[in-house]
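Feature annotation from Swiss-Prot assigns signal peptide to 1-21. According to Swiss-Prot, the topological domain 'Extracellular' annotation covers 22-782, on the basis of sequence analysis. Residues annotated as N-linked glycosylation site in Swiss-Prot, with sequence analysis given as evidence: N46, N128, N143, N215, N251, N347, N407, N499, N510, N559, N583, N747 (among others). Annotated repeat 'LRR 4' per Swiss-Prot: 178-201, in sequence order, evidence recorded as sequence analysis. Residues or ranges marked as repeat 'LRR 5' by Swiss-Prot on the basis of sequence analysis: 203-225. According to Swiss-Prot, the repeat 'LRR 6' annotation covers 226-249. Feature annotation from Swiss-Prot assigns repeat 'LRR 8' to 275-298; the stated evidence is sequence analysis. Summarising the annotation, Swiss-Prot assigns repeat 'LRR 9' to 299-322. The feature repeat 'LRR 10' is assigned by Swiss-Prot to 324-348. Sequence annotations record features per position, and here Swiss-Prot assigns repeat 'LRR 12' to 370-395 based on sequence analysis. The repeat 'LRR 16' annotation in Swiss-Prot covers 468-488 and is backed by sequence analysis. For 511-534, the entry in Swiss-Prot reads repeat 'LRR 18'. The repeat 'LRR 19' annotation in Swiss-Prot covers 536-560 and is backed by sequence analysis. The annotation repeat 'LRR 23' is assigned in Swiss-Prot to 690-713. For 714-738, the entry in Swiss-Prot reads repeat 'LRR 24', with the evidence type sequence analysis. As annotated by Swiss-Prot, topological domain 'Cytoplasmic' applies to 804-811.
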Amino acid sequence: MSKQCLLSCFLFFCFFIPQLSFSCPQDQRQSLLEFKNLLIHNIKDNYTAFEELGTWRPNSDCCKWLRVTCNASSPSKEVIDLNLFLLIPPGLVSSSILRPILRINSLVGLDVSFNNIQGEIPGYAFVNLTSLISLDMCCNRFNGSIPHELFSLTNLQRLDLSRNVIGGTLSGDIKELKNLQELILDENLIGGAIPSEIGSLVELLTLTLRQNMFNSSIPSSVSRLTKLKTIDLQNNFLSSKIPDDIGNLVNLSTLSLSMNKLSGGIPSSIHNLKNLETLQLENNNGLSGEIPAAWLFGLQKLKVLRLEGNNKLQWNNNGYVFPQFKLTHLSLRSCGLEGNIPDWLKNQTALVYLDLSINRLEGRFPKWLADLKIRNITLSDNRLTGSLPPNLFQRPSLYYLVLSRNNFSGQIPDTIGESQVMVLMLSENNFSGSVPKSITKIPFLKLLDLSKNRLSGEFPRFRPESYLEWLDISSNEFSGDVPAYFGGSTSMLLMSQNNFSGEFPQNFRNLSYLIRLDLHDNKISGTVASLISQLSSSVEVLSLRNNSLKGSIPEGISNLTSLKVLDLSENNLDGYLPSSLGNLTCMIKSPEPSAMTIRPYFSSYTDIPNIERLIEIESEDIFSLVVNWKNSKQVLFDRNFYLYTLLDLSKNKLHGEIPTSLGNLKSLKVLNLSNNEFSGLIPQSFGDLEKVESLDLSHNNLTGEIPKTLSKLSELNTLDLRNNKLKGRIPESPQLDRLNNPNIYANNSGICGMQIQVPCFPTQTKQPAEEKEEEDKEEEETIFSWNAAAIGCSCGFLIAVVFMSYNELWK
């Protein structure tokens, strides 16, 4: 028995007691467990946190926990690093959750980046973290200003507060961080001047303040930071000149000052930056003067040069100097380039991105440029002429080609089928002839823009497995049937202003991702009901104006639940308007940014730099829509035009009463029912069209008075009611009172009102109910008059008889 007891004691001391001894300090373990409990309490279903913090158990050594690092060389085994990167899933938590871990004063590194922490940074809790060397709080929702307590962390070498919503200013106390090597404050709301005290941070290697609200000038003290390798101040409001002594920063590899308000010239000292690899000065409209090529061509390590959007700068290479660098990216868009495409590009064999658009370049597309292994070529908005070299499309490296708005001519080469392009824009040139059938063999073509040329014939059929998402062939001379064969992912089909004819194809119902279909100004026939039945509910914009469609609009129109723009004007439609028009979901509620934006289509192509912005710049017509607005055809050109909601059924033969259900379309901005045969009253429900800006009901047979409810239309700035049979007083409201052009009410039965300076008489101002009441009253008065007359006559007769009888007796 005693042996068993001794054995039990031995096992207890061997196995159980060691489990109670921990390497990390007890108070630090408790702080970590408190943080874990707060996190689990605040975030439900936090599978990431539950899994990764599963090792954080009360009866275990915190030095063995995931995301925790202890000082193995110290006897106390204190926690020195916490890596909480991407721990918290979607769902905001308060910054107070950090308080427990900020009590661990032995921390050297703390990373809470890419979480969903909101609120002010708890500055007071950082006071005791005097050993902290690296602090990463990037990519959260911290707000308020940078707490001054952070500037007391004098051992700090890396401070990253980027991608939050921090405001306020950057204090001059930043000078206290003498050991700081990286200061990263990108994408916040920090404003004011960059403090001159920043020049005291002599150990600084990286200074990135991109996308804030800094103003004033770049402090000259920056030139004292001779160890700097990266300066990124782009997308602020910085003004004045680039410091002349910027050339002192001889270790600089990246200088990015783009998208500010800088002025003056590019300082000559820039040629001293022999280690410079990236120079970005684009979109500073105040920069002026010449760009001496000799300064830049001596920068042997330069790989990225972006000067676009500085239309006051003039490129000068009069010395015909050839560069010593090998660029990978070059953008001189809108830099005053003239003459032929520069010859010095011949030796830029490493070039993958070239943008020389919006200049005054002339001549032909050089064969040597087609031979370079460039991925992205943008030469739009120049004066280039001639035909395209066939070898241009035989380079497997070419992914992006934009030649829009030049004077290129001739036929599109048959070799186009050998290309690997994803984005091809040849719009607004003088290309003619037919489109080669080989174009359908381009394996990964995503966007094709051939609009505004003189192309003719039938458009080729794409294969069902095509990746084509965006097609614009509008404003050409194509004929034959409407193209019907595209890949299943097609979302944009812009085919207006051609000579397409015949009925609408059956297989459009396979385009389940179709968002915009524009076929206006063609010769398409058939019934509108058949056409609408072919469309997916994903369609947001449907423009079929000026075709030969017939029949009535079907009740099934309401199945197009995403529809925001419907233009069926200038066709041969007849019949009544279906009440289901009032059930178009996206015209009832305010529209939001949709898949019509660039991002969903091209965000995955990371090998094409800035493709979203480039497409946005080069494909302006994609964002335009011609509508009948303000009594004429007008172009809605707006990056946000997809926020418009529009219903245009004008110039048809529609008849009957206007359904009151149209008043449900509360987000409608443009409503045009003009030039039809509508009759009856203007619906009172039109007063509920609270967002409407343009209302055209002219050239119909509408009767009655203008509803007083229209006085509620506070956004209305265009109204046309002429050529109807309306009468009575024009309702008064601040908005309607401004619409005082008599022409918008012309040719009606008897409209009056102060807006058109026509006085209203009592008989003109009675509402229908009042008129009925007046008629009933007159009828009652008439009956009363005849009854009174009859009673009077009867009484008179009786009196006469009595009098005569009495007179006889008297005799």
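Cβ coordinates come from backbone N, Cα and C, glycine included.
Away from its own ends, the repeat 'LRR 9' (299-322) comes close to residues 253, 258, 266, 271, 273-293, 328-337, 342, 344, 347, 350, 355 of its chain (Cβ-Cβ under 8 Å, at least six residues beyond either end). Sequence-distant contacts of the repeat 'LRR 19' (536-560), counting only residues of its own chain at least 6 positions beyond either end whose CB sits under 8 Å from a CB of the stretch, comprise 496, 509, 511-530, 566-581, 583-584, 586, 594-596, 625-626, 628, 642, 648-649, 654.
Spatial neighbours are here defined as Cα atoms within 10 angstroms of one another, and by that definition the neighbours of N559 (N-linked glycosylation site) among the glycosylation sites N215, N251, N499, N510, N583 are N583.
For N747 (N-linked glycosylation site), the nearest of the glycosylation sites N215, N347, N499, N510 in terms of C-alpha separation is N499. N407 (N-linked glycosylation site) is 24 Å away from N499 (N-linked glycosylation site) when you measure Cα to Cα. For the repeat 'LRR 18' (511-534), same-chain residues at least 6 beyond its ends with a Cβ under 8 Å from one of its own Cβ atoms are 469, 474, 482, 486, 488-505, 540-554, 556-557, 560, 562, 567-568, 571, 573, 594-596, 625-626. Looking only at the glycosylation sites N143, N347, N407, the one with its C-alpha closest to N583 (N-linked glycosylation site) is N143. Secondary structure counts, DSSP: the repeat 'LRR 24' (714-738) has 5 helix, 8 strand, 12 coil. Broken down by DSSP into helix, strand and coil, the repeat 'LRR 8' (275-298) contains 5 helix, 9 strand, 10 coil.
Distance noted between the C-alpha atoms of N347 (N-linked glycosylation site) and N215 (N-linked glycosylation site) is 40 Å. DSSP assignment over the repeat 'LRR 5' (203-225) gives 5 helix, 7 strand, 11 coil.
Each of the glycosylation sites N407, N583 was scored by the number of other CB atoms within 10 Å of its CB, and the largest score is that of N583.
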